[in-house]
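As recorded in TrEMBL, the features of this protein are as follows:
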- 115-139: transmembrane segment (TRANSMEM)
- 145-167: transmembrane segment (TRANSMEM)
- 263-285: transmembrane segment (TRANSMEM)
- 297-313: transmembrane segment (TRANSMEM)
- 382-405: transmembrane segment (TRANSMEM)
């Protein structure tokens, strides 16, 4: 049963209706297109103050965010570069979880994100310092590139949906075209060994985000001759996050997004456009507003909070994923930077369920069931706090992210209760706290 208490009957299987069904999904798609433009315009044309849309807003939008050939060349060139790296760079091969729709076949994923990441950074640096493509161009053409990205994500969503039906790859279909387009039709879209969903989840979303922030940092340096403390902080924070996604790429095939979620509009749009262009608003705000001076004690406190939360987030996810891989004999040590202590558990304790699944109850996971979400929220909040309190715009991301995390927790809770039954009740007694040990 879905979050709204309804299932779709008579489809491929009884499928939970989520996000409010067709009406809710329609609203999400409209809102998702509006919000990056709105946040950008608040910062670009209103010094971070919230604006009331008017005819003048549309004029500014047309003038500064119309798609251009240059913007298409920049973005499509970036995507092609990432695709080439994904199929050519060396990397370890990891088997994912058994996929029921594929006869419990385990798909193989090439985890070359870390090498692709560093080649991308090197390429961007060379292009910038040689003057072939200064990074500041990205932020100067922000509106144009945003529109091109949105167009690309929507076209890709349509192609993914149509090709899945045409090739007979549609899976878990509801029979409602809008819902199936939103959630997706194809579970594992691949061109040979090139997994499109895996690629979009890692390379497109997070590398785009960091390059947007790097462009803001470069532009600020060009204008001021230095980078502010806040810009150093946000650049460090987003480098850490993007680097973590790449260095821990072997953890991603076992995640819910890859194992269960289909490659539909929801994942495609947010990986291509939503995540990078909404999550970069703190850095864009700092560049646009000029140097935001943060007291040294506050900046030090933010760095301490960031590194502490990052440590918990990184090691907790490493513990859980490596535990899962160890149970199926697929764990392979990987020595990417940084490898943090306590990322792998020795003799981990777990609860064996009647379904045969094993629920980890040691390491960070004996303290709270979603402790990695707590660390994630702390990091997201720090991204906004480094901007001060002069605008709501930088705080949209942590507020939005908190809502998304709560919704994801509710989905996880519902799914696990249905899957594990009494074993889940037992697990909740062993690990009673969800987010903060001893509190909630």
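Glycine too: its Cβ is placed from the backbone N, Cα and C atoms.
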| remark: Sequence-distant residues near the transmembrane segment (145-167) by C-beta distance (under 8 Å, 6 or more away from its ends) are 33, 36-37, 40, 65-68, 71-72, 74-76, 79, 138, 180-181, 184-186, 189, 196, 208, 263-265, 268-269, 271-273, 276-277
| Intrachain residues whose Cβ lies under 8 Å of the transmembrane segment (115-139), provided they are six or more past its termini | 74, 81-82, 85-86, 89-91, 145, 203, 207, 211-212, 214-216, 218-219, 222, 242-243, 246, 284, 287
| field | Same-chain residues near the transmembrane segment (263-285), Cβ under 8 Å, at least 6 residues beyond its ends | value | 28-29, 32, 35-36, 39-40, 43, 48, 139, 142, 146, 149-150, 152-154, 156-157, 160-161, 180-189, 196-197, 200-201, 204-206, 208-209, 212-213, 216-217, 231, 234-235, 238, 257, 383-384, 386-387, 391, 393-394, 396-397, 400
